[in-house]
Amino acid sequence: MNNLKDKKMGSMIPEFLLISCVLFFFLNNVYAGVTSTFIRSEWPSVDIPLDNEVFVKPNGHNAPEQVHITQGDYDGKAMIIIWVTPDEPGSNQVKYGTSENKYDFTAEGTVKTYTFYNYTSGYIHVCHVENLEYDTKYYYEIGEGDSARQFWFQTPPKIDPNASYKFGIIGDLGQTFNSLSTLEHYIQSGAQTVLHVGDLSYADRYKYDDMGVRWDSYGRFVEKISAYQPWIWTTGNHEIEYMPYMNEVVPFKQYLYRYPTPYTASKSSNPLWYAIRRASAHIIVLSSYSPFVKYTPQWEWLKEEFTKVDRKQTPWLIVIMHSPIYNSNSAHYMEGESMRVAFESWFVQYKVDVVFAGHVHAYERSYRISNIHYNITGGVSYPVPDKSAPVYITVGDGGNQEGLASRFNDPQPDYSAFREASYGHSTLEIMNKTHAFYHWNRNDDGKKVATDSFVLHNQYWNKSLRRRKLKKNYLHNIVPTLELNQL
Ligand SMILES: [Fe+2]
């Protein structure tokens with residue numbers, strides 16, 4: 001009898017081993033991310049010719065062009081309006097009000113020009129419009145006489161933990177037909193403010209006077225969006241424009257003339273890094289190409305800014321930068337490592353919800369991971385799951401002339417949840433203080449197709465919900481193509 005039992009047990013051992021192996025394989029692989037094999041259509045990565053209608057100049061003598069707006073204060077009650085007049089300075093005034101064609105208020109701006117090699121810019125006007133009401137549509141007019149032009153924008157709701165708001169995220173845009181496709185998809189998204197993660201015009205791909213010309217064309221290219229809703233812009237490497245061969249050695253010169261920021265409102269000493277609060281979000285903008293190691297102004301500022309974040313007022317803590325600190329693409333691999341070393345422990349300490357970056361011309365999303373226990377002698381050097389860490393999202397796929405970064409490192413690291421080399425943009429729709437819908441749209445798809453989507457649970461307000469919803473979140477993470485209505 002015992003012999004029979006032993007024999008039976010013996011025959012079960014291979015079965016047990018097989019089942020164990022299958023289970024082991026399954027358990028290990030459910031953590032693996034997805035490298036999409038989508039085959040995409042793609043226009044050539046060349047800039048749209050200057051005589052194309054997307055760059056058309058407005059009619060009229062000295063008509064304002066390249067109109068773009070950004071938040072003008074810390075909390076969203078001010079706007080900075082920027083435009084260029086080509087022929088002469090003209091008026092610095094913005095007329096504005098809450099009724100169409102009826103402007104009860106005026107604000108006076110300033111005007112400047114600059115030279116870059118032999119190029120001289122148009123007259124760049126910058127006007128701060130302040131003391132706006134929250135949640136209000138404002139109409140505004142710039143320019144004079146027959147050349148005057150009218151636009152509008154909507155102010156955000158007042159700072160409130162449950163204020164809903166929809167941000168769009170665009171990176172590495174440029175001015176190609178792929179860039180145009182991104183803009184057209186973005187317009188359909190219903191997002192209210194653009195978070196631009198750097199590399200705007202790619203004018204630095206040109207030489208001499210053509211660089212300034214391509215900054216101008218880019219300004220006209222994006223105006224159909226940038227005149228109507230604020231863009232929160234970040235510097236990328238293509239904004240540096242350190243060009244000794246032209247005797248142009250002041251970094252960010254053209255960018256800084258054209259893209260002012262409300263940096264003083266967050267006590268920053270430099271327009272390249274700053275913070276704003278908008279609706280229920282606290283947004284921190286970092287400069288990947290300015291000093292950030294310990295004791296530098298950016299480091300000191302960020303240390304202070306994190307202490308000002310009040311998750312009871314602004315539950316959503318979002319960081320935007322250009323160079324991603326988690327990136328498994330061979331393009332720009334490890335370039336964000338020095339910033340990771342400088343800032344990652346704060347991201348975890350302050351429970352940042354999400355970090356958006358660009359630079360890599362592809363899309364990638366991480367799980368919540370950190371590598372803060374690494375030190376140079378400890379031997380621990382691999383990112384590990386960390387529920388206090390942000391989700392890292394690279395969305396440098398706006399469509400510039402450098403083309404897609406299609407070579408991902410193989411195998412896909414455990415921390416990488418989803419990656420694909422396609423053009424597109426993201427949206428983050430904050431619903432209330434506890435959750436937001438995140439959505440990545442591939443340009444090849446219709447506007448409602450979520451190539452990657454998930455519910456982002458707030459890091460501060462979801463502590464008690466976390467355990468209960470763990471299983472559901474886990475599913476969202478491993479099924480990136482899940483439609484929102486299925487969540
Ligand atoms: Fe870049």
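Note that Cβ sites are derived from N, Cα and C of the backbone, with glycine treated the same way.
Marked as domain 'Purple acid phosphatase N-terminal' by TrEMBL: 64-155. The predicted model assigns the domain 'Purple acid phosphatase N-terminal' (64-155) a mean pLDDT of 98.
According to TrEMBL, the feature domain 'Calcineurin-like phosphoesterase' maps to 166-363.
Residue counts for the domain 'Purple acid phosphatase C-terminal' (389-449) under DSSP, split into helix (H, G, I), strand (E, B) and coil, are 0 helix, 26 strand, 35 coil. Annotation source TrEMBL lists domain 'Purple acid phosphatase C-terminal' at 389-449.
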Residue distribution over DSSP helix, strand and coil in the domain 'Purple acid phosphatase N-terminal' (64-155): 3 helix, 51 strand, 38 coil
